[in-house]
Amino acid sequence: MLRFIFGRLAVLIPTFVGVSIIAFSFIRLLPGDPVMLLSGERVMAPERHAQIMAELGLDRPMYVQYFDYLTGLLQGDFGRSIISKRPVIDDFMTLFPATMELAICAIILAICLGIPAGVVAAVKRGTWLDQTIMGTALVGYSMPIFWWGLLLIIFFSGTLGWTPVSGRISFLYFFPPVTGFMLIDSLLSGQKGAFSSAVSHMILPTIVLATIPLAVIARQTRSAMLEVLSEDYVRTARSKGMSPFRIIGVHALRNAMIPVITTIGLQIGVLLGGAILTESIFSWPGIGKWMVDSVFKRDYAVVQGGLMMITLVIMFVNLIVDLLYGWANPRIRR
Amino acid sequence: MSSVETKSVSPAAAAAATPSAPPSGFAEFWFYFSSNRGAVLGLGIFVIILLMAIFAPLLTAHDPIIQNRDVLLLPPVFAEGGRAEYLLGTDPVGRDILTRLMYGARFSLFVGLIVVTLSVVAGVLIGLVAGFFRGTTDTIIMRLMDIILAFPSLLLALVLVAVLGPGLVNAMIAIALVNLPHFVRLTRASVMTERNKDYVIGSQVAGAGTLRIMFVTILPNCLAPLIVQATLAFSAAILDAAALGFLGMGAQPPTPEWGTMLAEAREFIQRAWWVVTFPGLAILITVLAINLMGDGLRDALDPKLKRS
């Protein structure tokens, strides 16, 4: 197992270096003068230009600049915003819990609905129930989620007036962030109605973000279950007179879960990508909206730092999924 | 469309050349494809959308760009106050929505086609080289692909477009690049399984050159999974391009691109539901039709599923 862990880590190093090279070259590939871009000024005298160039270290050879950047990354320096001048990592740390809360709720919803739906579809293969579930899953899989979010807003927020349109909690409530997770913080604050306000803000974004992972998990669960259900040991269990519930729940599902867990792991990256759209629709103050806003404000230092941080998070999550997978399924450790 | 059609025939035709094959490759393919009702439905819808895109100027009397101050935000014909000449209503500057959707289909299908062509051609070439030569070349290529895959695809596309500048062409380049690793990996994996099979060794012994073995002997036998992946990439490209358009980073107004139309319509969601509903519905139907076809193609082309 230890060898497996080190093997995984060794593969990550070249990827990390490559990702950092891309993030590093990003700002140098942008059309225009990097000095102008990074200082955020539009007109400047040649002396001032040279001064800033020296300050930012842009007058040194490219490889020295890169090693500087890499050293900075390893020390947690992801650059400073051009506009607010705050370190990118600080903003990231403030905003990331909002995205993580949304992503966790979405993946829980997707798993809780997707796996049972896939199991039912597999067990009732070929019936109208199977066709309905798989048809719905295919629609979900094909859904442009930015439109889906708008439709839900029109119906639930507009016509029915059940849920709020944007944000994480009503303006009526204010309390200092403890964990950064609004659902937990609102409970801790002890203010009446704060928790239900947080929940009602959470519902639509969660549904929107969960849609595609839900469809993917349902489809994957169904095909994994179908494969397992035709195995000999399932037939044996049946012929022993074991209850169908036990066969499906214990014998089949546990083995069918292996590919499903991989799929769920792969959805984490999809979720963080989907957060860009979901957060933009619901004005959710997370890293997805932050990235889009920064692109529009031409705050390229934030785009660079954010790209690096988000990718690191995904690499880390994928590593954890890989390790869990290796722990659960010794065959792939080799 | 035509590219999907012609490509899908070739592996089946290749299968027909083996001794156990039934009469015609296309007949066999069609037999399995048409047994999937959803796939046939998807194909039908896709053909209709394709025809609408091609013949858009003949099908409508309106212009997709010119604004008309007399008919601002008309509801669709079936809603109260709708007019027969504007079947799906008009947008905030008085353009016929149906017309814009039909012209928009041109952009979406074009994006899908170009993105898939770019990423398939590049991906197959790179994957073929990696899987055929192995060794250092393979390691370097696969590490590079790992790097692209490490980024969330929409974020990478967004950042690339920020570098290249917003616009449809740049969005297509970005999406093609993001799609590339899937084709490289898939081609490499199939090439590696085929590489040491007897028929390849046979033609090598018979004196076939490296290029001939790569492209004529091995490649046709790796096509089936690539075609299925290409269909999925086609629909994903349409979704991604629309998403970039929605974020303001894809096609720019007044281009009647579906995602861009949605972005423009956002502020009217409480007042005029049709402005928001129809462009999204167009995206959903198109993507759904292509995915239905993809499922059918997979059933028809995947020998493992076919026999079970």
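For all residues, glycine too, the Cβ spot is worked out from N, Cα and C.
Remember, TrEMBL labels are computer predictions, not curated facts.
Same-chain neighbours of the transmembrane segment (A:6-27): 34, 37-38, 65-66, 69-70, 73, 300-301, 303-305, 307-308, 311-312, 315, 319, 322-323, 326, counting only residues six or more beyond its ends whose CB sits under 8 Å from a CB of the stretch. According to TrEMBL, the feature transmembrane segment maps to A:6-27 (among others).
Here TrEMBL flags A:96-325 as domain 'ABC transmembrane type-1'.
Long-range contacts of the transmembrane segment (A:102-123) within the same chain: residues 129-130, 133-134, 137, 202, 205-207, 209-210, 213-226, 229, 248, 253, 260, 264, 267-268, 271-272, 275, 278-279, 284, 286, each at least 6 residues beyond the stretch ends and with a Cβ under 8 Å from a Cβ of the stretch. Per TrEMBL, transmembrane segment is recorded for A:102-123 (among others).
The transmembrane segment feature in TrEMBL is assigned to A:143-162 (among others).
Under the heading transmembrane segment, TrEMBL lists A:194-217 (among others). Same-chain residues lying 6+ beyond the ends of the transmembrane segment (A:194-217) with a Cβ under 8 Å from its Cβ atoms: 101-103, 105-107, 109-111, 113-115, 118, 136-141, 143, 145, 148-149, 152-153, 156-157, 162-164, 167-170, 172-173, 175, 182-183, 185-187, 260, 263-264, 267, 270-271, 274-275, 278-279, 281-282, 284.
Positions annotated as transmembrane segment by TrEMBL: A:256-282 (among others).
Here TrEMBL flags A:302-325 (among others) as transmembrane segment.
Non-local neighbours of the transmembrane segment (A:302-325) in the same chain are 4-5, 8-9, 12, 15-16, 19-20, 23-24, 26-27, 73, 78-79, 81-82, 88-89, 91-92, 96, 261-262, 264-265, 268-269, 272, 287, 290-291, 294-295, 332; each lies 6+ residues outside the stretch with a CB under 8 Å from one of its CB atoms.
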